[in-house]
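TrEMBL lists B:12-35, B:41-59, B:71-91, B:149-167, B:199-218, B:255-277, B:298-319, B:379-404, B:440-459, B:510-532 with the feature transmembrane segment.
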2 protein chains.
Amino acid sequence: MSIRVDYRASLSLVGTVLKYLTVPLLLPVVVALLYGETVAPFVLTIAVTLLAGGGLERLAPDPDIGPREAFLMVATTWLAVAVVGTIPYLVEAHGIPGLLSPIHPDSTLGNPANALFESMSGFTTTGATVLGSINVTDHTYGVMIWRQLTQWLGGMGIVVLAVAILPELSVGGAQLMDAEAPGPGIEKLSPKIAETARVLWGAYFAITVVEIMLLYGLDLAGMAGPNMDAYNAVAHGLTTMPTGGFSPQARSIEAFSAAVQWVIIPFMVIAGTNFALIWRALSGSPEKLWNDTEFRGYLGAMGVLTAIITGLLFTGGFATGVPEGATFDAAYLTEQAAALTGSLEPSLRHALFQAVSIVTTTGYASIDFDMWGSAAKYALLFGMFVGGSAGSTGGAVKIIRWIVIAKTVRRELFTSAHPEAVRPVRLGGNALDDRAVRGIMTFTLLYLVVFFLGAFVLAIDSTRVGMEFTVLELISAAASTLGNVGPAFYRLGPMGGYIPFPNTSKLFMVGLMWAGRLEILPLLVCLTPEYWRR
Amino acid sequence: MSIRVDYRASLSLVGTVLKYLTVPLLLPVVVALLYGETVAPFVLTIAVTLLAGGGLERLAPDPDIGPREAFLMVATTWLAVAVVGTIPYLVEAHGIPGLLSPIHPDSTLGNPANALFESMSGFTTTGATVLGSINVTDHTYGVMIWRQLTQWLGGMGIVVLAVAILPELSVGGAQLMDAEAPGPGIEKLSPKIAETARVLWGAYFAITVVEIMLLYGLDLAGMAGPNMDAYNAVAHGLTTMPTGGFSPQARSIEAFSAAVQWVIIPFMVIAGTNFALIWRALSGSPEKLWNDTEFRGYLGAMGVLTAIITGLLFTGGFATGVPEGATFDAAYLTEQAAALTGSLEPSLRHALFQAVSIVTTTGYASIDFDMWGSAAKYALLFGMFVGGSAGSTGGAVKIIRWIVIAKTVRRELFTSAHPEAVRPVRLGGNALDDRAVRGIMTFTLLYLVVFFLGAFVLAIDSTRVGMEFTVLELISAAASTLGNVGPAFYRLGPMGGYIPFPNTSKLFMVGLMWAGRLEILPLLVCLTPEYWRR
Ligand SMILES: [K+]
Ligand SMILES: [K+]
């Protein structure tokens, strides 16, 4: 291990990923053709991607990477893909000099900081947006489907990262992800990452197709509300499985019927579940689901939050007024409060939808939850730290870590009263490796510190340019971007967006989304001198 | 260790503590006599304390306790003392039936929940208040000095708890507190807790006297502002060393001159320093101060926060408006903003005063910091989690734990890149025991979880009674009471108080103050079945 990092091999593999990106870029090309739009933004993106990818691949013709190179490859991939992903947004706003005039020159994504924010938000499946107008009529269908597609592609990457790469790197306790599977471990699921990817992507693709068909079926049955059509069915199918949350509707899932909201809920739940577990359940062992400690904890967390929020909404726990600059008005507040107070179905539906949406870090909204009272809003803020399951596309801390932490506290209490006793932390019958437990605690503390400091940076940066965000806005923006959730509160709420921030803050949040998606440590590892030495 | 907990021995020692409480109760008796007030509230308290203390002592005539009994004794002591401490407040409001008519029947402390809140806030040196009118003319001098004295007494208890008891219990990593002292360890400072207490209380008493003399000296020199007198000098002397923060002035330290504010700052810094370290420095080894990692980190944390806040205030980072119900008005905002913007001394003074006050968890205010902008307020919210040094009267997480966590993250990054390497976490040249590192991480995570859940409980409880607090109020109230800081934000800010909360929330915060003061784990240990079994 006294060899230097083979960064050429890492970058060569990033080049390969870029080259593969040209295949899904054919979808927006097809959509553009269907709607009679220019395909130029995507052809240019394909060209740049092929050139950059090919160039990087030449750095090492036959790359063979070890764990250290994997850190660099993983960190660089998300950045490279996000940068390339800005091209369609920039071309739509600015055109191509001498070749194509601007298509929508008013697009907020013409600002490169905004374009990078939207692209990173897509590929990290965060779903925070800086789109000024979220409407296909103010953009091309091609660009809007590209925005959705970045999340679906990001989700594919995350599935492989979470199930096959991070556990191998044994970082932040990710090796624990599979501790409960005494049968075929994930390493036996497929001896190679590529094989694992093929298997999991099959399930990912199949579930996406089922959701699109259900949504379109509701539309055909006339049960989906006026805004659903084939385009919207595809668009939302692409952003559920990656727990993404981008919607081409300005009012997110509120734009559709209660039936659509009920249908989307189980798909969000699936998206936040460990994919290795899903694969096993689909492979004929559904009982593995109910025997899984994390899965039970995951359902339990969402269940408790749902019960609390339902109670709050049912008993009228809404905002007592409309703050200046809010994304809702008095009429909306009155109407929604009247519709929910004392009515079980809508209270339960919106409580369940939002609890699931936030805990899984999807970020869809079935209602402008900023008009909820402080307690219900706090429940969502709290949920932003829970996170989905390990091995899923969900972000934030993740349920399994909280379970291990709870068990570690229990052990500390026991050994305090009985110092002579030795008691390992157990999960599903297996004693956990101390190194993994330490990794989990270290990651969680680091996550919380980065969150606290991140909000601090946003506070100082906005003050620097003479802007005043509320402390809640600052806290929720940091929590939501670091946790890859999407919406925050007040002006940054589900019906608002991140446009008000200065560009420097947006670029900082690009970093938070990136770091959060990679579970922070792999990114930090690449920044230590020890990584590059020896 | 298969013996049951000897709870009689624990309670017997609690009885001894109660009996000793009668000695300091002579101070309010003297003050009442000086001001020609009735001594009845304190005579009754002395009688009850003697009776209860004597009764508890009879449970075990010659108590000999081990670590397990120490947990119970420590947890029970703070509760018992806080309950007894309510008597003067209740008697002032209600009188004694048939003996004494009510003295100040309008006192908010006539409400038992308020009285317990104020008493626990005193003995835990939190400094959060539910006094409706903080003014000696609306209370007796005796009761007001009792309120101050509860903090000074609480501080005496905490010094012994932090330096001599918690490290022995090896809970939450407290055994680390002294890892850097290769010379005479704390256990050699004095072979018995009683001896340790005698030594440290000597320093505690001496420093308190010096502060009182300095404050009164400023008054005699006419440099202390109109509100300072001997009574106020004593009152503030009693609440600085315990990092308490109670003041008999409604506007806290803003009531005094800049000179008084400058004088109080170094005493808060001393109060937040490890008392074992202070004792060594005073015993002829002042160089130990500068060689101490925690002390350097402690000064560094306050320095960085001060620099940031000074910059924010100097450049005009104040609130952009006066929210309804705020504790400041537009005239105050305009006047203070004009006085601070572009003026270095007041900007630096208030920034330093508040950074030191919050990080040490004293909670004094030199200004209504609620009129600061979000960034400066967030800096204080952030500071509430930093905490003072281990072995001091400061609360919250404490600097040494953050230092160990930072080093643990560094180690995790290193071992991620070099999995074959073994690298212990080092502090001041010594490798730290893994069990201590684990205890520190467990405590810090538990602290943050209790904070998040605590704010959630406050949110739900206030909604239950139809009240609406902002999320910032809820978060800061939980952080401030759990961290034993005192003031929070907005209505609960330094010029406000905790009166708006429903009684249930106040009792819950009594629990947060109690848990925070005991570093959570010793309290939780007593609540596990394993503690009582075997
Ligand atoms: K998301
Ligand atoms: K305090």
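Easy rule for this one: first residue shown is 1, then count along the chain.
Using N, Cα and C of the backbone, Cβ positions are placed for all residues, glycine too.
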Folded-back contacts onto the transmembrane segment (B:199-218), same chain, C-beta under 8 angstroms, at least six residues removed: 152, 155-156, 159-160, 163, 189-190, 224, 228, 230, 232-234, 236-238, 240-241, 257, 259-260, 263-264, 267, 270, 275-276, 278-279, 282
Segment proximity, the transmembrane segment (B:298-319) to the transmembrane segment (B:71-91), 3 or more C-beta pairs under 8 Å: no
Contact ranking winner - B:41-59, B:379-404, B:440-459 against the transmembrane segment (B:149-167), Cβ under 8 Å: B:379-404
Residues of the parent chain within Cβ reach of the transmembrane segment (B:298-319), under 8 Å, 6 or more residues beyond its termini: 269, 272-273, 333, 336-337, 340-344, 347-348, 350-352, 354-356, 359, 370-373, 375-376, 379-380, 382-383, 386, 388-389, 399
